[in-house]
């Protein structure tokens, strides 16, 4: 019966969507192409190569503005809000593509502009793909792309100080990629987003525990500690289905050690019928596998141990993304290729998408070119409207390590100078669920100091968190830290989970690790079980979680009110980097939402009940 109602409602919804698009074919409500993010001088530690070839091949793409830039966001909120009659009625691949299609006016204007330069192009969805010479690209884009070399690592990168599009074209374009960020031409390097806490000591796990030992779990957190703290195990009381699916994002060809995973599961999940996760490469390129990755081991071992019977899949994509040098990444890119990764995921039909995706990677928001960040966030919203719950680690730098604003910083006087709290991306995207970190079980969970959080300098605060975030700012912050953060920005994180002293098996040894890269797959495992319950009842997956969480969080989550984050300690990240000392810098955990632990940590039985808080599952 549920499927019948969903089908009827979806037909009505898609008909109204199609009617809207056909009645507004020439509407383009985009803004001018962003000019944020440029540099007036070569950053320290970089040298421009005097001899470069203007005829080298330069592939790039231009994203056309949607006919209505607000349509995707509004649709996502409608299908994600439990108070909406459209709640849970997610779109298919082709319907979701309709939400971001450019108008015929935009396509005509951009195509005519490109053709006037004698350049060939190909339109794929809303992206115009171009492969021409560097000289032609410079003329077309009003740019001056040059090749720069990092003095620290000797690798070469491409960038332009600025670009200028014709005035009548800017309204039709929302991204040129690559553009003013540094774009790698060399080999990317791995940078684990976890902290090894083992200090040379091998720690043996305790096997499957029948009762929770708070003292022991304060020192070493294995899956039994997590299961019992968050009451993971009660799923046997519900109608579960394996139709739920759990995806882990990984980059750089990270390789999972099968022996480590088998040994970890055998010790910490004995008797469980768990199959080895599959790996899907989202590119046809020949990618050289990296060595065994502790990050991939951490994600997979937690996911597989906690999410049974939900199948787990590793989604892999190679390479690095463009970035702006800052004090935390002064001379080499560590940003992940989110745009290409998401483009490949969005090309899959809904049946091949995970219902939950965990992303355990974070970079300072100011290191990401702003138009690129906005495009990636929009693509994450497209996954959300198709029913995918995206959970992202908030990061492991508290309020920031260097707290030094760079040239990409959009917030007025702080741009390129002075101290600034530094939020992380993609956790700052309002269409993902950002996961902060906690530690200890006795006497109660508390915020772990390295848990990143704060307020976005790029994305405004979404309406769904207005009450929660405004309440924290008024009751806890006041005028403190004025000028160091954006009080109108999207608040980070949304929720939290254990992130310290986490036990994993790596290269044949048990190790303790710390980082919100553990918290994200832990919370995502809980969501995958919730999805299994919904799918077993004939309901659609949860999809974008935040409207549901902010409406019913106090009834479903455990509020964390102890502890605080730290940062801005004045210690330079690298020899030539600037850093700021801000005494006492940090966010305090508090009752309700806070920028360290969000709304709190999961409680599976309460969240199971929260699945049925709203009676508006179907339209009538």
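Just so it is clear, glycine is given a Cβ too, placed from its N, Cα and C backbone atoms.
According to its DSSP assignment, residue 295 (active site, charge relay system) is helical. Under the heading active site, charge relay system, TrEMBL lists 295 (among others).
The active site, charge relay system annotation in TrEMBL covers 299 (among others).
The active site, charge relay system annotation in TrEMBL covers 517 (among others).
Taken from TrEMBL, the feature Ca(2+) binding site covers 559, 560, 592, 594. For the recorded site, residue 594 (Ca(2+) binding site), the DSSP three-state label reads strand. Residues within less than 8 Å, Cβ to Cβ, of residue 594 (Ca(2+) binding site) and separated from it by at least 6 positions along the same chain comprise 447, 453, 472, 476, 560, 587, 588.
Taken from TrEMBL, the feature domain 'Peptidase S53' applies to 220-614.
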Among 295, 299, 517, which are recorded as active-site residues, the nearest neighbour of residue 559 (Ca(2+) binding site) by Cα: 517
Residue 295 (active site, charge relay system) to residue 517 (active site, charge relay system) - Cα separation in whole Å: 8
Sorted by sequence, non-559, 560, 592, 594 residues with Cβ within 8 Å of centre, Ca(2+): 561, 589, 590, 591, 593, 597, 598, 599, 600
Pairwise CA distance, residue 517 (active site, charge relay system) versus residue 592 (Ca(2+) binding site), rounded so that it is a whole Å: 23
Alpha-carbon distance [residue 592 (Ca(2+) binding site); residue 299 (active site, charge relay system)] in Å: 28
Stretch-averaged pLDDT - the domain 'Peptidase S53' (220-614): 85
